[in-house]
Amino acid sequence: MTDTIANIKLQLKNTSPNDEQLLIWQQDKRVGVQNALKAWQKKQVMLREKREHFLSRFDIERQYWMQGYDLIAGVDEVGRGPLAGPVVAAAVILPHDFDVLDVIDSKQLSAKKRDELYDKIIEKAISIGVGRVEASIIDEINIYEAARVAMTEAVNQLAPIPEALLIDAMRLDLDLPQEFLIKGDARSNSIGAASIIAKVTRDRLMASYGLKYPGYGFEKNAGYGTKEHLEGIKKIGITPIHRKTFAPIKDIL
């Protein structure tokens, strides 16, 4: 009995490139079957390219692994630009066999995808540390130094202690081998994982501040200077989580 096109499409979802059944379907003259095969082949190419890109984002870590450094921590921060809320940093040590292909710079991902990947990273990572510096401290030491403090705090939370650090556009005062990478969150899976942990952690915190301080839209803008946020400042004033040294807040105090 000839299999239905609908059933073949269903089977293709779980078919590997080496499956002998593919040879049988390739002989099927029905247009629907051939179109389904073309779609499957296109998806396989995309998956292969995705895996290749993912593996290339372990190139820097792999260089360290080959030198005997097993515990490599990726470090990244989020929240330098907002007018309100803390700067949050994360440090993540991934295992050599980490296989979550979608991990990349958090800015390239939807909020839903970041939440999904956050859970997978939490599950699979060897260790995760999160550092946080509040707005009042940012005002005292400046945002650049605050980001460094948050990153250092995140690294110091890691257990086991990392043997080397891969850091996105920053150097830390830590006695560990470290590599400074421009756009590191798109070049290293470890930094990409850290960027996701930091971003989701901060977004969830800002959502809670949206409930505590209504009228600014923190749950939507994460403290950035959107129209709603700026109008809230004009109507209500500033909150304890606003950064008083950031324009336009400093201009109205």
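Glycine is treated like the rest: Cβ placed from N, Cα and C.
Fair warning: this is a prediction, and the values are worked out from it, not measured in the lab.
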Out of ASP3, ASP168, ASP173, which does Swiss-Prot tie to the same divalent metal cation site as ASP76, GLU77?
ASP168
Counting across all protein chains shown, how many other Cβ atoms sit within 10 Å of the Cβ of GLU77 (divalent metal cation binding site)?
30
Arithmetic mean of per-residue pLDDT over the domain 'RNase H type-2' (70-253):
96
Highest Cβ count within 10 Å among the binding-site residues ASP76, ASP168: which residue is it?
ASP76
